[in-house]
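Asker: The following feature annotations were taken from Swiss-Prot:
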ACT_SITE  His42  active site, proton acceptor
ACT_SITE  His155  active site, proton donor
BINDING   Lys65, Asp66, Gln67, Asn68, Thr69  substrate binding site
DISULFID  Cys50-Cys110  disulfide bond
DISULFID  Cys64-Cys123  disulfide bond
DISULFID  Cys82-Cys138  disulfide bond
DISULFID  Cys89-Cys98  disulfide bond
CARBOHYD  Asn86  N-linked glycosylation site
CARBOHYD  Asn92  N-linked glycosylation site
CARBOHYD  Asn111  N-linked glycosylation site
CARBOHYD  Asn119  N-linked glycosylation site
MOD_RES   Tyr60  3'-nitrotyrosine
REGION    28-72  region 'Required for nearly all of the bactericidal activities'
SIGNAL    1-27  signal peptide
Amino acid sequence: MVPKLFTSQICLLLLLGLSGVGGSLHAKPRQFTRAQWFAIQHVSLNPPQCTTAMRVINNYQRRCKDQNTFLRTTFANVVNVCGNPNITCPRNRTLHNCHRSRFQVPLLHCNLTNPGAQNISNCKYADRTERRFYVVACDNRDPRDSPRYPVVPVHLDTTI
């Protein structure tokens, strides 16, 4: 019985890892905490146009990311959303650490227009701006994160 249970647990962990529950197949670069990577990918008061803004993300991941959303607000404002009531994450219903913003913020959506680009310096994006609410997943900070915020955003789940 024990070997079967142990094998089942390993299979479950592998399945969770591949399905993205434990993280994305396009994981964050190792030098960043989840909160730091969230900030790089999703928080910018005045992001440049998408093609320029996405270069930083694509250089770290060594690929053209299909799409990305920048919240035009401060990291501190997103941290404050982590204090809103917990909700089930709309895009991953197994997670219950999401929080919805109380206010709409300006967003910049970036969509890759040339998915066949062989070189990351050739990634091109279409820009779309709008104002929306957003939902973020939050976790306790990593020891490498600033002690200023005990709970930090780690994932942009959706915009509403």
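Each Cβ is built from the backbone N, Cα and C atoms, and glycine gets one as well.
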Asker: Within 10 Å of Cys138 (disulfide bond), Cα to Cα, which of the recorded positions Lys65, Asp66, Gln67, Asn68, Thr69, His155 are there?
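Answerer: Passing the 10 Å Cα cut: His155.
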Asker: Give the nonlocal contacts of the region 'Required for nearly all of the bactericidal activities' (28-72) in its own chain as ranges (CB under 8 Å, at least six residues past its ends).
Answerer: 78, 105-112, 114-115, 117, 120-121, 123-127, 134, 136, 139, 141-142, 144-145, 149, 152-156, 159
Asker: Do me a favour and check the Cα-Cα span between Cys98 (disulfide bond) and Asn68 (substrate binding site); whole Å is fine.
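Answerer: About 19 Å separate the Cα atoms of these two residues.
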Asker: Of all the recorded positions given, namely Cys82, Asn86, Cys110, His155, which is spatially nearest to Asn68 (substrate binding site) at the Cα level?
Answerer: Cys110
Asker: Cys123 (disulfide bond) to Lys65 (substrate binding site): how many Å between their Cα atoms?
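Answerer: Cys123 (disulfide bond) and Lys65 (substrate binding site) have their Cα atoms 9 Å apart.
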Asker: Check the DSSP secondary structure of Cys98 (disulfide bond), expressed as helix, strand or coil.
Answerer: strand
Asker: For the recorded substrate site, enumerate neighbouring residues of the same chain (Cβ within 8 Å of the Cβ centroid of Lys65, Asp66, Gln67, Asn68, Thr69, site residues themselves excluded), in sequence order.
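Answerer: Neighbours within 8 Å of the Cβ centroid, excluding Lys65, Asp66, Gln67, Asn68, Thr69: Met54, His109, Cys110, Asn111, Leu112.
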Asker: So which recorded positions out of Asp66, Asn86, Cys110 end up within 10 angstroms of His42 (active site, proton acceptor), measuring C-alpha to C-alpha?
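Answerer: Checking Cα-Cα distances against His42 (active site, proton acceptor), none of the recorded positions falls within 10 Å.
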